[in-house]
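As written in Swiss-Prot, here are the features:
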- G8, L9, S10, G11, A12, G13, K14, S15: ATP binding site (BINDING)
- D59, I60, R61, G62: GTP binding site (BINDING)
Amino acid sequence: MKFVIITGLSGAGKSQTVKSMEDFGFYCVDNLPPALIPKFAELCHQSQGVISRAALVIDIRGGMFFDDLFESLKELEHLGHQYEILFLDADDEVLMKRFKETRRSHPLNVDGSIENGITRERELLQELKDRASHIIHTTKLIPAQLKEELRNIYVEGNQMNNLMISIASFGFKHGIPLDSDLVFDVRFLPNPFYIEELKDFTGNDVKVRNYVMNSPISVEFSNKLHDIVSFLIPHYVQEGKNQLVISIGCTGGRHRSVTIAHVLYHQLKDKGHRVTLSHRDSGETRERKKES
């Protein structure tokens, strides 16, 4: 079991960090009293692998409970769990500006001075900062850049595998799926609907797929579609996107769109991407899924 203790200056980006860590598959808890860390670790252990990575935000909002942190970390280590400390920092001027923009008061703002609150907080957190495994300065980082910094630290292996690609076929006469990121119209391809022996089948049947893909236009389009999607994927990942919904439509959503969606699904699956396939309007309930 791996724990990441997220801490740092108020206004330095801890809330944004939690959102990113959740996207990376961490179970996140904000403002957990430090004394409860060992108990939380025990609960995670009882989950039998359901929770394998957790990120806990611990900061001076805990007040008097914050003093229990180092003792709790020592106990966590004694229980055989790994942990590391992620410390978020930023220039005082930037922190003050962020507080003013959000119109929030500093947690240690007892005399009306944000600056004094930041100074006091730095003093209280110095030992924790000295023990940090990673320190990220967010002064010049926008949220997407912060997420990329976190990705470089906490995401192992092929970053493309963090993007879930959902491919869905549909029929335009039933409406475009509202959650689509990319929509492709394949109504220009040969239509099996007008072939008597094929009209009652769908693109999930080999003979329908063979009919559609027997056209050079279909082959060329499917290859170009794969090329454009392959080009876009790393750029979406770089922007921090975690899910990509590709909708492919024909008139009724039973033949051409199902066929092209099927082809694209297998092209991306063979490249090792996490991809799911569904057919909204095919009249069938089957759905193929693959995560790798």
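Placed from the backbone N, Cα and C atoms, the Cβ positions cover glycine too.
With every protein chain in view, the residue among the binding-site residues G8, G11 whose Cβ has the most Cβ partners within 10 Å turns out to be G8. Using a 10 Å radius centred on the Cβ of R61 (GTP binding site) and all shown protein chains, the other Cβ atoms total 15. Those same-chain residues not listed among G8, L9, S10, G11, A12, G13, K14, S15 yet with C-beta within 8 angstroms of the centroid of the ATP site C-beta atoms are D59, L88, A90, L95, T138. Comparing the binding-site residues S10, S15 on other C-beta atoms within 10 angstroms of each C-beta gives the minimum for S15. When secondary structure is read from DSSP and collapsed to three states, G8 (ATP binding site) falls in the strand class.
When the Cα atoms are compared, S15 (ATP binding site) and R61 (GTP binding site) turn out to be 13 Å apart.
The binding-site residues A12, I60 differ in how many other CB atoms lie within 10 Å of their CB, and the one with the most is A12. Close to R61 (GTP binding site), meaning Cα to Cα within 10 A, are the following binding-site residues out of S10, G11, G13, K14: S10.
Listed in sequence order, L88, A90, I136, T138, L141, P143, L146 are the same-chain residues six or more apart from G13 (ATP binding site) with CB atoms under 8 A from its CB.
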